[in-house]
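Engineer: I'd like to ask you about the structure that follows.
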Amino acid sequence: MKITKICCIGAGYVGGPTMAVIAQKCPHIQVTVVDLNAERILAWNDENTDNIPIYEPGLDAIVAEARGRNLFFSTEVDKAIDEAQIIFISVNTPTKTYGKGKGMAADLKYIELCARQIAKVSKANKIVVEKSTLPVRTAEAIKSILDTTGNGVQFQILSNPEFLAEGTAVQDLLSPDRILIGGDPSVEGQKAIQALVDVYSNWVSPEKILTTNVWSSELSKLTANAFLAQRISSINAMSELCEKTGADVNEVAKAIGMDSRIGSKFLKASVGFGGSCFQKDILNLVYIAKSYGLNEVADYWEQVIIMNDHQKRRFSNTIVQTLYNTVADKKIAFLGWAFKKDTNDTRESAAIYVANDLVNEQAKIAVYDPKVSRKKILADLDYLETRTAEENANSILTFDDPYLSCEKAHAVAVLTEWDEFVNYDWQKIYDGMQKPAFVFDGRNILDKTKLEKIGFVYQAIGS
Ligand code: UDX
Ligand code: ADP
């Protein structure tokens, strides 16, 4: 099958960058990204690519190159579905906030709506690709909806999970470790797999394209995220032990990372992992394991989340205890709000939970993040429903200038590892702060010796 038109439902952190790169690398394929959110589509179409809704290094240039040529952003969902031979589903699958599986299972209502819409609109055979992370066997549900509510046309369902990490999405898409495509073993299924393999082959070498059955592909995505998150919780667990014993977690991470069986990546102790994937996917895994009665498996993975929650809480407790057991009416400057550097995404960011704890203690939080707006910060806190929006707005100050956010602060807390924080004029920050001036480095990025020489009381994670 020769692919000339692709549609992607969902213009978010996954759909947007993935389709931009496919369009850049496959100029012969027309790629249309659709979304119900008209404001988001408008932003993707903004003449000035600085204003596209997602900040990812390098993405603006790719959008500028391909947009209008073979990359389009639109709210005309039906038209794009109708025209395309391949439809990617990249809509959000948040953790359920209601009903059965509340707080654990993935909410598949957006996926189901997409499937029903594809079924209704399609007048020719199509390949439907799951891009969003989904519970194992979701493809089966999508297939059942498509086959029973459609117009009698044939659908092939593929699972093609996204492994990009935010902040490095463009690089991850341009040179992926692997592309995973799961499909049906039937002849038709294999043809569909080949059609998608051909798309990726425009820039990815064949040995990096892995094909499996659908369930293996779906479960591999959950497993990869569970393993990655587990490494962070493992090193964070050791960070607490290091603090008690006088070991240094950075030294421990380096020592174990040189063992080629362990490897050096993803061993950075921190205030806790965030992001839209890790927690959601592990909760999902736990829920699936429980639903099969595999309680030991479920408990094993749940511990990764329990450890992460503990790490976030431990960070806020340390701040309160160190500031003489009270932060009431004290200004605490937050450097960073995003869940990691080089992204404006704040989903599940540790900063939200640490701020929430400190506001409970009546602190005033002064946030500076190079890419996150005040509106977003307040929306994140309001979402926790701990207090009224007005109370949150009164407790959170936001600044466009990092030095102003630190002025007269009792403490600075580093919540995101933005590179720029390292090179600030720390003497200037010290001069403007209350004394003793405390720094709580939740990312272990600052120079302890330099800061202590200036006069700061410096506290890192795990040393
Ligand atoms: C993750 C997976 O890496 C990616 O493959 C998948 O497709 C989506 O989920 P992402 O959440 O974008 O990507 O970012 P990632 O780099 O994995 O970081 C997740 C969180 O872990 C961040 O809060 C980060 O700061 C934290 N982290 C990461 C650490 O605390 N220590 C580390 O060593 C690595
Ligand atoms: P992700 O990180 O998985 O990309 P996002 O929330 O950033 O998640 O993006 C998902 C996008 O999918 C949102 O912009 C949302 O408006 C869009 N979306 C959800 N359901 C539908 C639907 N039925 N049709 C079109 N777009 C949808």
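Placed from the backbone N, Cα and C atoms, the Cβ positions cover glycine too.
Taken from TrEMBL, the feature active site, nucleophile covers CYS277. The NAD(+) binding site annotation in TrEMBL covers 10-15, ASP35, ARG40, 91-95, 132-133, GLU166, 277-280, ARG347. Taken from TrEMBL, the feature substrate binding site applies to 162-166, 221-225, ARG261, 268-274, 339-340, ARG443. According to TrEMBL, the domain 'UDP-glucose/GDP-mannose dehydrogenase C-terminal' annotation covers 333-448.
What's the neighbourhood like for these features in this structure?
Structural biologist: Annotation for CYS277 (active site, nucleophile): same-chain Cβ neighbours under 8 Å, separated by at least 6 residues, are THR133, ASN225. According to DSSP, CYS277 (active site, nucleophile) sits in a coil region rather than a helix or strand.
The local packing around ASP35 (NAD(+) binding site), expressed as other Cβ atoms within 10 Å of its Cβ over all shown chains, amounts to 23.
Under 8 Å, Cβ to Cβ, and six or more positions away along its own chain, GLY272 (substrate binding site) finds ILE232, ASN236, ASN308, ASP309, GLN311, LYS312, PHE315, ALA350, TYR353.
Averaged over the domain 'UDP-glucose/GDP-mannose dehydrogenase C-terminal' (333-448), the predicted model reaches a pLDDT of 98.
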Engineer: Measure from the Cβ of GLN279 (NAD(+) binding site) and count the other Cβ atoms within 10 Å, all protein chains considered.
Structural biologist: 21
Engineer: Taking the Cα atoms as reference points, how far is ASP35 (NAD(+) binding site) from GLU162 (substrate binding site) in Å?
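Structural biologist: Between the Cα atoms of ASP35 (NAD(+) binding site) and GLU162 (substrate binding site), the distance comes to 18 Å.
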Engineer: Suppose we screen the binding-site residues GLU162, GLU166, ALA269, PHE339 by Cβ distance to ligand 2 with a cut-off under 6 Å; which survive, in sequence order?
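Structural biologist: Those binding-site residues that pass the cut-off are none, since no Cβ is under 6 Å from ligand 2.
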Engineer: Any same-chain residues 6+ apart from PHE339 (substrate binding site) with CB under 8 Å of its CB? Would you list them in sequence order, or say none?
Structural biologist: GLU166, PHE273, GLY274, GLY275, ASP345, THR346, ARG347, GLU348, SER349, ALA350, ALA351, THR416
Engineer: Which recorded positions out of THR95, ALA165, GLU166, CYS277, PHE339 lie by ligand 1, going by a Cβ under 6 Å?
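Structural biologist: Checked recorded positions vs ligand 1; flagged ALA165, GLU166, CYS277, PHE339.
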Engineer: Given the binding-site residues THR95, GLU162, which one is most crowded in terms of C-beta atoms within 10 angstroms?
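Structural biologist: Checking each of THR95, GLU162, the winner is GLU162.
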Engineer: Which of the binding-site residues GLU162, ALA165, LEU222, ALA269 has its Cα closest in space to the Cα of THR95 (NAD(+) binding site)?
Structural biologist: LEU222
